[in-house]
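What TrEMBL lists as active site, phosphoserine intermediate is A:SER546. Annotation source TrEMBL lists GTP binding site at A:35-42, A:114-118, A:169-172. Per TrEMBL, ATP binding site is recorded for A:GLY472, A:LEU473, A:SER474, A:GLY475, A:SER476, A:GLY477, A:LYS478, A:SER479. The domain 'Tr-type G' annotation in TrEMBL covers A:26-240.
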Amino acid sequence: MTDPVYQTEALLAEDIDAYLVAHQHKTMLRFITCGSVDDGKSTLIGRLLYDSKMIFEDQLAALEADSKRVGTQGGEIDFALLVDGLAAEREQGITIDVAYRFFATEKRKFIVADTPGHEQYTRNMVTGASTTDLAVILIDARKGVLTQTRRHSYLVHLLGVRHLVLAVNKMDLVGYDQQVFDSIVADYTDFARSIGIDSFVPIPISGLAGDNITSRSANTPWFEGPTLLAHLEEIEVDSGADQAQPFRMPVQWVNRPNLDFRGFSGFVASGAIRPGEAVRVLPSGKTSRVARIVSLEGDRDLAVAGESVTLTLADEIDCSRGQVIVAAQSPLEVADQFETTLVWMDEAEMVPGRAYWLKIGAQTVSATVHQPKYEVNVNTQEHLAAKTLDLNAIGVANVTTDREIPFAPYAENRDLGGFILIDKITNQTVAAGMIHFALRRAQNIHWQATDIGRDHHAGMKHQKPAVLWLTGLSGSGKSTIANIVEKKLARMNRHTFLLDGDNVRHGLNKDLGFTEADRIENIRRVGEVAKLMTDAGLIVITAFISPFRSERDMVRGMMQPGEFIEVFIDTPLEVAEARDVKGLYAKARAGQLKNFTGIDSPYEAPENAEIRIDTSRMTPEEAAEVIVERLVP
Amino acid sequence: MTQKTLTHLQRLEAESIHIMREVVAEAENPVMLYSIGKDSAVMLHLARKAFYPAPPPFPLLHVDTTWKFRDMYALRGKAAEQAGMELLVYQNPEALARGINPFDHGPLHTDMWKTEGLKQALDLHNFDVAFGGARRDEEKSRAKERVFSFRSANHRWDPKTQRPELWRLYNARKAKGESVRVFPISNWTELDIWQYIHLEGIEIVPLYFAAPRPTVERDGLILMVDDDRFPLREGEVPQMRSVRFRTLGCYPLTGAVESTATELPQVIQEMLLTTTSERQGRAIDRDQAASMEKKKQEGYF
């Protein structure tokens, strides 16, 4: 029995220079192992590290001590302890996050993403799979294809992992029975076809006993396929396929050390480029040629997918971070509305209509997510109706960005079709997304240019348009104050319009209720109307509870800089509730009114409002005076 | 179609450079923590590649303890100058005033000079992102560390609030006062580091190569008597031994290994044939298996 891992040792001892030359030309494979708690996943990884001599004696001594103390193998070496990292997890006996392990053979360096198999941790598996070329799906030979197996397979397929290994583990516990193996493979084949997996490589193994891991097992003479490690060493890595695609490089950073040099730095997402070749910058569409590929070691004559490079162009054209340099003859699509698959990763559920940051390539834009078309049951792959997505849910939803972005469908390119969503307030990464296709090409929709512009409208009225956005609890006095403000401005011959929360709900927004999503849509529409009115030159006064910070910020973002004036009508809840002009607080307290701000729905007070009105110290008249003073000094 | 197979080192290099550029594009005031060791040397070399022909657009920061090897201090200024970068050196004034040292103060030495010193230096300069040369293969708790590791306003690391990192997309957004430690060489192993140093001809501290050095053996570690601050115990006489170091830190806390490897290929050969892991020469990790995780939560790198 020859062991591929140990062959290198002779060379290592005899001729270190030859060894180094050989090892500098190793390739790299990233893979993920997926299995449930008891499938022996950690044991398998521990075994790979152990067999490839990545465990040193002192670590082994610690491992032996730990195995006796908390091990599950009756004092024998518990390989799982090698890979269970954080203290809290070790005590619980499960891994709860993504850990990365490293080992190398004479042919390859491997990076293993180790992710837990628990149901609630879809997030971790998706994270781990996003960077891998191959997935090892572990099955307990005694249990066969389980719900978890289906879930793991669906997830790695969803993330576009092209190579799949079905490792039927614990063969020692079923007497190395070929029939058991064959029937599991048959079951899995049916399932794999049903979700679009074309091919996979099944291998019977035992992580604990070491069968078919690094060396062929005498216990499975009926098995003719490769050992797990041999397969991992032989499989073709994806970079070749990426290089065959047209050239695409998102510009990460513009290198401008002095006036004579302007380089565009980025990670080549696909294809290859040489000096002299024609390129196009998207979304602007400007074209030029690559002048140089600059590096510390001197100019290069080729850059390929997977490299971080710096290019200079022959012409001085505008190009900044987030734009994409592509082969001139095969441009990318540019759009601002997409159908996507979203994997929700945050404790706080998705809020349709809310604006999130969307990061794709080297670009971050503002984007709104629409109500999901459906949610996918990850266990059965059934489509379910859904109004939102919560932690670990996967669904298909449309996403609209606030500007055009160059992209490729995720199935074609991970770098140009994968994105994350970031909450604008907490800054947390709340979702991972994969673009299917553009819903409409943005370049086909033109903004109708009008001859009489907003400056003209405002000029005729001799005023500067503005939005006075009054926010505060129900009963805080917003409408009362807004009304006085408008009267005062009218007396000063200012052209105004008052948009009141209750009134708008009788017409424009009468289809909306009071759920979080409906409240956001309510504010979005009011924002759009207010924007049109400022274009018409008006001073708009609004009186809406507008409880969420992110929606107020969204409206602020719609307006010209300086035109949005946030006015916080600051009245303590007890005071507003005591007034209870419309009797709403009483109803809410009695449970007759759901989602009432301040009672069972939060009010997020402004942090940097332009004006704060403390109603405990001011009459409505005085408050109005303060606001008008700020607008017309 | 042109095809070019990228080696594992080329792919690691491309990833590290991508991470560094991402930080420079998104951070307000980044800094690179520079410890003068081999990992720092590789990180610095990668930074020069990432931003060439510009010098790396951030300063180097060495959080000093006054107890590093003399050879390390000698390389420090030279490396910064070659890269065309500003070098900031910070020494915790309280530790300096109280004469904190590894001989008399035990764990307090690391805590005050390094953990506290680092926090003070970051606060002093208002750095919002700090590059560090930590690798995931060094220690079990680091295997789960993110590339972008978030710290609260008081520099604490909370394993539960770290963000998922998908594809090559790093979310660097943060609230005021929060900071990020970024580890661009997370996915490199010790062997990768050595191979890269060899391949790229990166200058490293001579202590990594074997030479006759004055040493004493104490508590199972071979310690180098690097200057006359080393308090010899009764009966201890420094002996010349041919030794080298696998990691470098404060000289009284860093164990040497006996070796005759004076060239890099021999060092790599010894490393591959050896049977003890890299951190074993460091006194800091010995207490208990989870000690690094505790240190990290407190703000140690």
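Heads up, the Cβ atoms here are built off N, Cα and C, so glycines get one too.
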* Other same-chain residues whose Cβ falls within 8 Å of the Cβ centroid of A:GLY472, A:LEU473, A:SER474, A:GLY475, A:SER476, A:GLY477, A:LYS478, A:SER479, the recorded ATP site, in sequence order -> A:ALA543, A:ILE545, A:ILE569, A:THR571, A:ALA576
* Structure fact -> Whole-number Å distance separating the Cα atoms of A:GLY472 (ATP binding site) and the residue listed as 'active site, phosphoserine intermediate' is 7
* Structure fact -> Among the binding-site residues A:SER476, A:SER479, the one whose Cβ has the most other Cβ atoms within 10 Å is A:SER476
* A:THR115, A:SER474: which of these binding-site residues has the sparsest Cβ neighbourhood within 10 Å? -> A:SER474
* Structure fact -> Whole-number mean pLDDT, the domain 'Tr-type G' (A:26-240), equals 80
* Structure fact -> Minimal Cβ count within 10 Å, across the binding-site residues A:GLY472, A:GLY475, A:GLY477, points to A:GLY475
* Around A:GLY35 (GTP binding site), how many other CB atoms lie within 10 A of its CB? -> 27
* Cα-nearest neighbour of A:GLY35 (GTP binding site) within the listed recorded positions, A:LEU473, A:LYS478, A:SER546 -> A:SER546
* To do: Starting from each candidate's C-beta and looking 10 angstroms out, tell me which of the binding-site residues A:MET171, A:LEU473 has the most other C-beta atoms.
  => A:MET171
* Cα-to-Cα gap, A:SER474 (ATP binding site) vs A:THR115 (GTP binding site), nearest whole Å -> 47
* **Cα-nearest neighbour of A:SER479 (ATP binding site) within the listed recorded positions, A:LYS41, A:THR115, A:MET171, A:SER546** => A:SER546
* Structure fact -> Using a 10 Å radius on the Cβ of A:LYS41 (GTP binding site), the other Cβ atoms enclosed count 25
